[in-house]
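S.K.: Take a look at the following structure, please.
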Amino acid sequence: MRTARRLSIVAMGALLGLGLVGTAQASTSVSPQTREDTLSAMHGEAFAYASYNAYAQEAARTGIDALAKLFRKTAHTERYDHFAAEARLIHFVRGNADNLRTSIAGETREATVIYPYFAYQAEQDRCEPAAKLFRELAADEAVHAKRFRRALYAITHPHSGVVVPVGEYFRPKPIFASLPACRGRTRENLLATIRGEAFANASYTSYAEKARQTGQPRLARLWENTASQELGEHFAEAAELYGLVRDNKANLLKSMKGELHEATVMYPTYAQRAEQAGDDEAADLFFEIAVDEAHHACDFLLASLEIVVPSTPSDHAGMRS
Ligand SMILES: [Fe+2]
Ligand SMILES: [Fe+2]
Ligand SMILES: [Fe+2]
Ligand SMILES: [Fe+2]
């Protein structure tokens, strides 16, 4: 009954366009399945944030400012409402040293296993631009791991004289509409790359907030600068080879499909599993986010109709923003 009631609330919320996320409190602990589902959802949210900002660039470039605004606004919700609430739920951000240890492990794996393997695979698939990019990413991730190791030493040995490195800020590269440059496994690997880079960006910007709150401004800058490279360079370059951005209509349709899946399948499934595991706060959060995703799907549907049949001659003025 409870589940049926919640689902009807989701349906009503979708109709009314309610956005309720941000009200759920963090629980002390959740079941392993709920944690796994939450991490999976966070990957989706981080990827949506990065993708929608890329789609916003295409909308702005083609002069549809209202659509650019809609993509940017939705991107903000994915990152600063959904991702942030899910991160709080599972205490994703821990102490500075633990955040560094987690990131060192991830960067080292990318530098020594994942990207070298992707480069090898791209050579097998005869996609040299991807092979070159994966080799460059492996080298960059090795630098990230090295800086994080030094930062960890500096904060755990405060009297050593070692200072936290800050790295350098990367101005975001523009992402242009493109067709896929590679086929087969390499195309799948490029998708895994952009999802991973988007997640790294969202994670590191979250870690930066923690570092700043705990009086570590140099560490905050290191996280922010590294995050700027993950998104502004790594995500951008892999996205172009993957063919992430197409024309506005295709970008909208793909986004609407993703939102519908999240609203009607993914989040309701996660919510039901969380409820069965006794993770009520997680279940509430997932149901609330499902409502938001239904709202996003509606917004994108309206926006795509505006592109096909503009309601007024003036620059898609009827589009929600
Ligand atoms: Fe979302
Ligand atoms: Fe990295
Ligand atoms: Fe990266
Ligand atoms: Fe969404």
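Placed from the backbone N, Cα and C atoms, the Cβ positions cover glycine too.
Annotations in TrEMBL come from automatic prediction, not curation.
Since this is a predicted model, take the numbers as computed values, not measurements.
According to TrEMBL, the feature domain 'Ferritin-like diiron' maps to 28-159, 180-312. According to TrEMBL, the feature signal peptide maps to 1-26.
Set these features in their place in the structure for me.
M.R.: When pLDDT values are averaged over the domain 'Ferritin-like diiron' (28-159), the model yields 97.
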S.K.: For a three-state summary based on DSSP, what are the helix, strand and coil counts in the domain 'Ferritin-like diiron' (180-312)?
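M.R.: For that range the per-state counts are 114 helix, 0 strand, 19 coil.
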S.K.: Under DSSP, the domain 'Ferritin-like diiron' (28-159) has how many residues in helix, strand and coil?
M.R.: 113 helix, 0 strand, 19 coil
